[in-house]
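Q: Below is one structure. I have some questions about it.
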Amino acid sequence: MAYQHTIRHHVYNFQDLKTVLAKASPFRSGDALAELAAHTYEERVAAQMTLANISLNVFLREAIIPYERDEVTRLIIDSHDASAFSVIQHFTVGEFRNWLLSDTTNAAMLHAVSPGITPEMAAAVSKLMRNQDLIAVAQKCEVVTQFRNTLGLKGRFSTRLQPNHPTDDPRGIAASMLDGLLYGSGDAVIGINPATDSPSAVTKLLHMMDALRQQFDIPTQSCVLCHVTLALEVMQRQAPVDLVFQSIGGTEKTNQSFGISLSLLHEAYEAALSLQRGTVGNNVMYFETGQGSSLSAQAHEGVDQQTCEARAYAVARKFKPLLVNSVVGFIGPEYLYDGKQITRAALEDHFCAKLLGLPMGVDVCYTNHAEADQDDMDNLVTLLGVAGCNFIMGVPGADDIMLNYQSTSFHDALYVRQVLGLRPAPEFEAWLMQQGLMDAYGKMLPPQASHRLLKEMKV
Amino acid sequence: MSTSDKPAFHIPSDPWISLRAHTDARIALGRVGAGLPTNASLDFKLAHAHARDAIYSTLDNAALTTALETLGLSVLSLQSQVQTRQEYLQRPDLGRRLNAASRKKIETLLPGTADVSIVFADGLSAEAVNLHAVHVLAQLLPALAAAGLSTAPVVLADQARVAIADDIGSLLKAELSLIFIGERPGLTSPHSLGAYLTYHPKPGLTDESRNCISNIRPEGLVYADAAQKIFYLVAESLRRKLSGVMLKGEGGLLAGEK
């Protein structure tokens with residue numbers, strides 16, 4: 001269906017819904033590269049005004065990627081909850097924004113409506129929102145998940161301890177893990193990106209982290225971020241897999257480029273569940289996403305990168321993950337050029353995922369060829385702390401020496417907790433206090449050389 | 001300036017500082033409140049500054065030309081379709097193709113055929129090319145000559161991506177293209193060189209058609225080892241008449257390579 005909007009006698013025509021969505025998107029380099037972006041400032045606002053008047057019902061009738069051709073579209077349509085949708089079905093996108101922001105719409109209502117919201121509806125409304133709107137609505141949502149601890153509670157702010165090493169050297173990894181734990185990091189997960197994607201290398205790292213966790217009775221979970229097929233393989237060989245990781249995208253073709261399908265994810269989900277390793281809950285999946293991955297795989301199907309990203313959240317929510325995060329600034333400047341674009345994208349990703357009911361974290365990050373620096377990351381991590389982001393990364397000194405990019409440091413997480421009065425996951429917080437690493441007021445204590453972790457941990 | 005009655009503000013170092021021996025990761029930095037101590041903060045800024053300067057560095061065409069001519073090679077300076085560094089970073093497609101003037105320059109050469117076309121491209125760190133590329137090539141050339149392989153004129157390519165070697169190699173009618181290009185700078189390695197080779201280069205090829213040798217720098221893969229690896233790949237590629245994933249096995253290694 002075609003859409004149009006007139007501004008001062010200029011008639012803007014948009015040939016279909018996906019064109020309106022793309023042209024309404026705040027500017028970013030990836031949409032320009034894909035030749036999908038609005039050509040003028042006025043055209044962008046014309047598209048936003050058009051979008052504001054489109055009824056949410058239209059999103060159920062007009063698939064932006066055909067149902068027959070794409071299993072993500074089929075998942076979105078087939079799993080749509082019509083009764084949850086009934087509360088908002090008479091809204092236009094513009095009215096939906098007003099409803100989301102209004103004082104009377106609270107966390108419980110957002111939670112109830114969530115299964116009735118499709119990724120395209122979330123993406124659409126985000127395109128009409130300013131950064132403060134994205135923060136304000138996300139901040140109302142609470143998405144709680146559990147495995148060996150409880151993540152996402154209001155007032156809590158967690159970290160993935162990311163102790164990567166360019167050659168997977170066990171002592172190098174252990175040194176970074178110890179550094180992180182002593183700085184209070186690792187309640188979301190201790191997660192390693194392996195340099196070598198082989199069954200034996202992955203199994204070795206899994207055993208190493210599991211032994212550490214058991215030795216010190218740390219209420220957290222571990223993960224080696226290998227491909228899902230490899231996780232399946234090592235699970236069959238009884239390796240201690242807490243969480244199954246996978247990068248996912250918002251189109252069937254993107255997922256093909258990652259070597260996955262919904263059925264493969266389902267197989268891995270069932271396998272991880274059957275291990276029953278969780279103690280307080282059984283959310284067993286960990287997904288990473290990021291704007292631009294579909295275009296990068298030439299699999300965007302003419303859909304803008306933010307809408308593609310939101311569609312990935314439909315894939316994620318099918319498998320009740322413990323953790324999801326966008327690796328927002330990793331993709332590079334041809335998709336997100338500078339600190340402004342990275343910031344906007346991160347707030348969109350966090351908002352859309354929370355609205356769709358996901359336990360969203362963000363890898364607040366950039367590469368050296370992006371027009372960004374530590375100041376941009378400081379701004380973004382503060383905004384995400386205010387928005388109620390579930391977790392960020394913890395990398396020694398913000399410098400990942402294996403993936404060669406800059407993420408957030410253990411210090412950054414302490415800063416956010418300090419300035420916003422946020423605390424780690426309750427079980428992990430109790431452990432930090434037991435270890436004498438945190439006082440009763442939540443202040444980190446400097447460990448002595450005689451500290452148990454320093455004396456007993458094998459490095 | 002501190003005086004004896006005003007002692008310097010002392011920051012205790014983390015007692016696990018000795019673990020730095022096991023990793024280059026920035027561990028045991030200490031903290032002031034939740035912040036980084038001043039020295040650690042400035043160390044990071046300096047590393048980032050080096051990486052940023054590398055991104056905006058440019059090929060030293062005069063020095064490179066002199067050095068290459070000393071090696072007995074002829075040199076051609078060409079440009080991609082990119083106009084500015086800002087455009088380069090946002091439009092990888094334009095960095096993969098020569099501009100019209102550059103195409104004309106090659107065509108007027110009326111090139112004969114050659115076994116290997118060699119390209120020096122700025123990529124994301126021209127300084128890596130300025131520092132390392134001639135040294136690697138100087139060690140590679142004798143091996144190529146001994147194997148009876150001919151080389152086309154060396155192209156210095158500005159604002160270029162890896163795939164520009166497809167455009168250049170096909171215009172120079174080369175059997176194989178070899179491009180030396182500055183890699184994306186890391187905080188600890190702002191000047192790291194990569195080399196990519198492609199059998200029967202032609203526009204439109206993708207990464208699975210190429211083989212890559214990365215991290216070429218004195219602190220990484222040293223020049224002699226890089227030259228040896230590249231020669232081995234070149235010889236195998238020409239012998240088996242293919243490159244890319246087909247040339248390397250599952251583990252990313254050539255038969256016999258450890």
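Backbone N, Cα and C define each Cβ position, glycine as well.
Per TrEMBL, the feature substrate binding site maps to A:Arg160, A:Leu161, A:Gln162, A:Asn193, A:Glu288, A:Asp363. Residues or ranges marked as adenosylcob(III)alamin binding site by TrEMBL: A:Pro194, A:Gln246, A:Ser296, A:Met402.
Context for these features, please: burial, neighbours, distances.
A: Of all the Cβ atoms in the protein chains shown, 23 others lie within 10 Å of the Cβ of A:Asp363 (substrate binding site).
Its Cβ taken as reference, A:Met402 (adenosylcob(III)alamin binding site) is surrounded by 21 other Cβ atoms within 10 Å in the chains shown. When secondary structure is read from DSSP and collapsed to three states, A:Met402 (adenosylcob(III)alamin binding site) falls in the coil class.
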Q: Looking at the binding-site residues A:Pro194, A:Gln246, A:Ser296, A:Met402, which ones sit with their CA no more than 10 Å from the CA of A:Glu288 (substrate binding site)?
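A: Taking A:Pro194, A:Gln246, A:Ser296, A:Met402 one by one, the ones whose Cα falls within 10 Å of A:Glu288 (substrate binding site) are A:Gln246.
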Q: Restricting to the record's adenosylcob(III)alamin-binding residues (A:Pro194, A:Gln246, A:Ser296, A:Met402), give me the longest CA-CA distance in Å as a whole number.
A: 22
Q: Below 8 Å Cβ to Cβ and six or more residues apart, same chain only. Which residues does that give for A:Arg160 (substrate binding site)?
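A: For A:Arg160 (substrate binding site), the qualifying residues are A:Gly186, A:Ala188, A:Val189, A:Ile190, A:Gly191, A:Leu323, A:Asn325, A:Gly361, A:Phe391, A:Ile392, A:Met393, A:Gly394.
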Q: Just checking: which of A:Pro194, A:Ser296, A:Met402 have a Cα that is within 10 Å of the Cα of A:Leu161 (substrate binding site), counting only these binding-site residues?
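A: Those close enough: none at all.
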Q: Which one is closest to A:Met402 (adenosylcob(III)alamin binding site) in space, judged by CA to CA distance, out of the binding-site residues A:Gln162, A:Asn193, A:Asp363?
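A: Looking at Cα distances from A:Met402 (adenosylcob(III)alamin binding site), the smallest one goes to A:Asn193.
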Q: Excluding A:Arg160, A:Leu161, A:Gln162, A:Asn193, A:Glu288, A:Asp363, which residues of the same chain place their Cβ within 8 Å of the centroid of the Cβ atoms of the recorded substrate site?
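A: Everything else in range on the chain: A:Val189, A:Gly191, A:Leu225, A:Asn325, A:Met393, A:Val395, A:Ser407.
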Q: Work out how many Å separate A:Ser296 (adenosylcob(III)alamin binding site) and A:Asp363 (substrate binding site) at their Cα atoms, rounded off.
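A: If we compare the Cα positions of A:Ser296 (adenosylcob(III)alamin binding site) and A:Asp363 (substrate binding site), the gap is 19 Å.
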Q: To the nearest whole angstrom, state the Cα distance for the pair A:Gln162 (substrate binding site) and A:Pro194 (adenosylcob(III)alamin binding site).
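A: A Cα-Cα distance of 11 Å.
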